[in-house]
Amino acid sequence: MSLRAKLLTFVEIVLRVPPLFVIDEILKLGLGLSDITEHDLSGLDERFGKVEDNTYNYSINIGYDPTLYKFILISTFRLLLSTLGCVIALCLFVLNTKHLIIVYMYLMSVGVVFVSYWTNLNTVKQAISITEEFRLETSILDDVLSLNYKSLMDPYGCASIVVQNFVIQCVFSFIFLNIHLGPRYPIIQKLLPLSFLTPSLLTILPLPAAVLSHSPVFAALLPLSLVKYVLWASVVSVFHTVYNGYLHTRNYVSTFGMSALIESEWVRLSVPGVLRTFWLVRLCEHAGFFFLSGFWGQSDGLTPAFRLVKTLMVTGCDTLTAVLGITSIVSFICHHIGRIFQWILLTEDENDKSIGTVSAILFYILALQTGLTGLEPEKRFVRLCRNFCLLFTALLHFIHNIVNPLLMSLSASHNPSLRRHLRALGVCAFLVCFPSFLLYYLWSHYTASTWLLAVSAFSIEVIVKVAVSLCIYSLFLLDAGRDTFWERLDDYVYYIRAFGNTVEFCFGIFLFFNGTWILIFESGGAIRAVMMCVHAYFNIWCDARAGWSVFMKRRTAVNKI
C-alpha cells in the first residue's frame, strides 16, 4: 500500500471517531436520575411505607405525587433523547466519506457562527464595562485621532481587547468563507467578512451602550441565515440518502445475506481501526486529566506508574463503547502474538490468523458476563485483571493449536531439519513452564476462589495437551528410527489421545459446575446463562458424542480384525 493510500485510510478512520465519542458520552450520562435527590425520594419511601403497613387492607389511597411523575418523565425523556442521539451518531458512523465530510463542514460552520457570536458578545460587554467603570468620555476612535498612545497601548484597555477580537473574527470569517455550504454569490461573500467584523468596528465608534450590546446579534444574522438555509435545503437530499441506503441494504441482504452485509460493512468502515483509534484517543484524554489533576504525586502507597496504569485501565472500560475499544486493542495484540509464534515456528497457516478475532470475542463476552462496566472502580480493576488472566490462558490454547499440527507433521514426515524441531520443542517448553509458574504465583498469593479454579483448570489442561502432543511426537520419532514395522503404534497413539480427550472432557465438566456455582451464588445474568448452555453443548455433549462414536468405530474395527 502506497503512502497516499495509507494517509487516506487513516483520514477515513479519524473521521469516524467523533460519532463514537458522542455515543460514549451519551452512555456516561445515564437516564437523568441525578436530578432526583434523596430528599425528593424520601416522600416516596413514606408513601410506600404506608402501603407496607396496610398489608391486610384491600385498597389504600395514594394521592398525587409530583416527584414520582417527575422521575418517570425525566427518565423517559432522557431515554428517548439518548436513543435518538445514539441512532444519529450511528447513522453518521456508517455514512460514506463524502457525505461524512459534508456533515462535518456543516457542523463546523455552525460552530464557527456560535463561537464568533460568543466572542463578539464578550468583547462588547468588556468594552462597555471598562467604559462605565473608568467613566471614559472618549472612544477608541478619538484616541486614534488624538494619537493617545498611552490609552491605545494599554494591555487592559478597550483598544487591546478590540484588536484581539478583530484578529479572531478575521480567522473565523476566513474559515466560514471556505467551509460554508450555502450559496456563494459574490455579494454574500463580500458581506460575510463585514458581518463578522461589525461588532469590533462599532466598538471603535462613540456609540451608546444599547447599540453596542445588540451588535453581536445582528452581526450573526447573515451567517446564521446561510446555515439555516443549508439545513432546510438539505432535508430532501438527506431523506433521499437515507432511503437509498435502506434500499441498498435490503437488496444486499436479499441477494447475499446478512452475514455478507456485516462483513462488507466491517471492511468498508474499518471498524477495528476506528475502535483502536477511539480508545487510544480516549486513553490520552484520561492520561492528560490524570496529570493535570495532580494524581501523579498523590501519596496512597502506590507507585505513580502503577497508579497511572490502574486509572487508565479503570476508565478505559467504563462504557460499552470503551469496552469495544479495548477489545480491539486486545485483538490487535493477540493477533501479533500469534504472528510472533508463527514466525518462531516458521509456519504460515491461514487458519491461525483468526487468533485476534477469537480472542476479541472471548474478551468481550467475559466483559459482558462479568458486568465490567457496572462495577465500582476498584472491583472493575480486579475483574479486568482476572479477565486478562483468563484470556491469556486461552491464548496458550490457541498457541498449542498452532504448534500441535507442526509437531505431528515434523515427526510423521521424518523431517531432518533440527532447527524446526528445536523451535517447536521450545514453544512446547514455554507452554509448560509459563502455566506452571502462573499457577505457582496465583496459588501463593491468592486464596481459593471460583476464578482461580477456572484459571487453574485452563492452565492444567494446556499442560496436559502439550504432554499428549509430545508423547505422540516421541512415538512417531521412535517409529521413524525403527527398521521394522511397529504394529502397536496406532494403539499407543489412540490410548494417549483418548487419555488427553478424557482429561479435557473432565475439565469441561468441572468448568461447567464451576460456572453453575458462579451463576447461582456469585454473579448471575442472562449472558452467563447462555454461555453456560453453549459450553455444555459444544464442550460436553458434542465432545461426548464424538468420543463415543470414535470408541464404537474402533471397537467394531478391532472385532472385525
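Here the Cβ of each residue, glycine as well, is placed from N, Cα and C on the backbone.
Summarising the annotation, TrEMBL assigns domain 'TRC8-like N-terminal' to 9-548.
Per TrEMBL, the feature transmembrane segment maps to 71-94 (among others).
Residues or ranges marked as transmembrane segment in TrEMBL: 101-119 (among others).
Residues or ranges marked as transmembrane segment in TrEMBL: 159-179 (among others). Outside the transmembrane segment (159-179), and at least 6 residues removed from its termini, the chain residues within Cβ reach (under 8 Å) are 105, 108-109, 112-113, 115-116, 119-120, 123, 126-127, 130, 140, 143, 151-153, 189, 192-193, 195-197, 199-200, 203-204, 223.
The feature transmembrane segment is assigned by TrEMBL to 191-211 (among others).
The transmembrane segment annotation in TrEMBL covers 217-243 (among others). Same-chain residues lying 6+ beyond the ends of the transmembrane segment (217-243) with a Cβ under 8 Å from its Cβ atoms: 91, 99, 106, 109-110, 112-113, 116-117, 120, 176, 180-183, 188, 191-192, 195-196, 198-199.
Within its own chain, the transmembrane segment (278-296) has Cβ neighbours under 8 Å at 17, 20-21, 24, 304, 307-308, 311-312, 315-316, 321-322, 325-326, 328-329, counting only residues six or more beyond its boundaries. Here TrEMBL flags 278-296 (among others) as transmembrane segment.
The annotation transmembrane segment is assigned in TrEMBL to 308-334 (among others).
Annotation source TrEMBL lists transmembrane segment at 355-375 (among others).
Sequence annotations record features per position, and here TrEMBL assigns transmembrane segment to 381-403 (among others).
Per TrEMBL, transmembrane segment is recorded for 449-478 (among others). Nonlocal intrachain contacts for the transmembrane segment (449-478), taken as residues 6+ away from its ends with a CB within less than 8 angstroms of a stretch CB, comprise 386, 389-390, 393-394, 396-397, 400, 403-404, 407-408, 410-412, 428, 431-432, 435-436, 438-439, 442-443, 486, 489, 492-493, 496-497, 499-500, 503-504, 507, 510-511, 514-515, 517-518, 522.
Annotation source TrEMBL lists transmembrane segment at 498-520 (among others).
Remote same-chain partners of the transmembrane segment (526-544), defined as residues 6 or more beyond its termini with a Cβ less than 8 Å from a stretch Cβ, comprise 365, 368-369, 501, 504-505, 508-509, 511-512, 515-516, 518-519. Annotation source TrEMBL lists transmembrane segment at 526-544 (among others).
Taking Cβ pairs closer than 8 Å, the transmembrane segment (498-520) reaches residues 450, 453-454, 457, 460-461, 464-465, 467-468, 528-529, 531-532, 535-536, 539-540, 543-544, 547, 551 in its own chain, all 6 or more past its ends.
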